[in-house]
Amino acid sequence: MNIVWWHWLTLGLILIGLELIIPSFTIIWFGLGAVIVSIVLASLPSCPLSVQILIWTVASALLTFAWFRFFNTRLDRTKAGSSKGAVIGETGLVIRGAQQYDKGTVKFHLPLMGADEWPCVADDPLAVGDRVRVVDVEGHVMKVEKIAKGDK
Amino acid sequence: MEPAAVVFAILFLVVVVTIFMGVRLVPQGFEFVVQRLGKYHSTLKPGLNFIIPYVDIVAYRLTTKDIPLEIGAQEAITKDNAVIVANAIAFIKIVDPVKAVYGISNYEYAIQNLVMTSLRAIIGEMELDLALSSRDIIKARLKDIISDDVTDWGILVKSVEIQDIKPSESMQKAMEQQATAERLKRAMILEAEGKKEAMIREAEGKLEAAKKEAEAQMMLAEASAKAIEDIAVAVGDKELPALFLLGDRYVNAIQKLSTSPNTKNFVLPADILGAVKGIAGRSV
């Protein structure tokens, strides 16, 4: 069987189409690789099969690598449903102060994870009325840090 | 097929497998725990991730959405020794996937049992009536007790809702029996009170009647006395007419006696005058 350029193009389009059905973000690079091979084959019809497969392999690997290296910009994503993402960075008000190694209580504007009041710990002593920011969640305790006055 | 093509085809397969192993697409709401050569390495966040093929493996896939956990119905004994049945639903959330997979072997089972035992402990400190009527208190206490235990497991118990809390079947039966017995007691007391009152009334009636009777007798006696007195006054010294009247009545009475149907023999007194005198109580 003699493989010509449009065979590669068809294979490439099928693989790109498969990406829609199986969203794994890997098949598309092999599809694009096949499209590149079809372009090479159209301009160089005498290219042997082994070289064609090699081009496909290298092109696919390069495209995958390039995506992760250069184009995979981490866009701002929603943090809904993530483990701590929705809570870290929230600011609240200390309503019960605490010394170090003691638990205080912090109150939030809106309920966070099912409650608007949480026990909290901090590295520095907390006084009633301090504004704090959540830095970590440890079980049922919020780890917070004080926000300096004027700091937003 | 030329030998070079076979080698390149195999190379292609290796590249495909490698890329497949390296690219990890984590859906929103999940987090993957990655181990590098058997040790924890990192946690993959939602989105497209790249791990080093062959060295890194995704060891655990965890959901970070809230997980509803059914806490099956169980019997608990209250402070006053009543058996009640309670079941609940807990909403938990994994806040630290690493602790959740390495801190405990089966967090769902652990939390289910933790809630169960805590629920029993809380109900054990309450009286039956309080336990049946204060879900909110139970909820708050439950959350309180559990929170310390779950810290090591990277899990947050968002809320525990008591679905059903009711006395056990035998307890319900006993409560019903108690209610029935109380009603029966009341009915019996009411009946007895009715009888008592009836008897008192009856006795009172009798007493009243006796009083009236006595009064009547007294009045009769008084009237007789008065009549005798009157007769005595009327008779005065004129004894004969009175004696005649008395004798006449006496004779009449004897006459009636003689005609009475049950009379067999009759003896007439010979000395009528003497008899009459005896009746009048005087000597003529």
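For all residues, glycine too, the Cβ spot is worked out from N, Cα and C.
Here is what TrEMBL records for this protein:
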TRANSMEM  A:6-22  transmembrane segment
TRANSMEM  A:51-71  transmembrane segment
DOMAIN    A:86-146  domain 'NfeD-like C-terminal'
| field | Remote residues contacting the transmembrane segment (A:6-22) - C-beta distance under 8 A, at least 6 residues beyond either end | value | 28, 30-35, 37-38, 41, 52, 56
| said: Just to be sure I understand, if DSSP states are collapsed into helix, strand and coil, how many residues of the domain 'NfeD-like C-terminal' (A:86-146) fall in each? | reply: 0 helix, 38 strand, 23 coil
| said: Over the span of the domain 'NfeD-like C-terminal' (A:86-146), how high is the average pLDDT in this prediction? | reply: 85
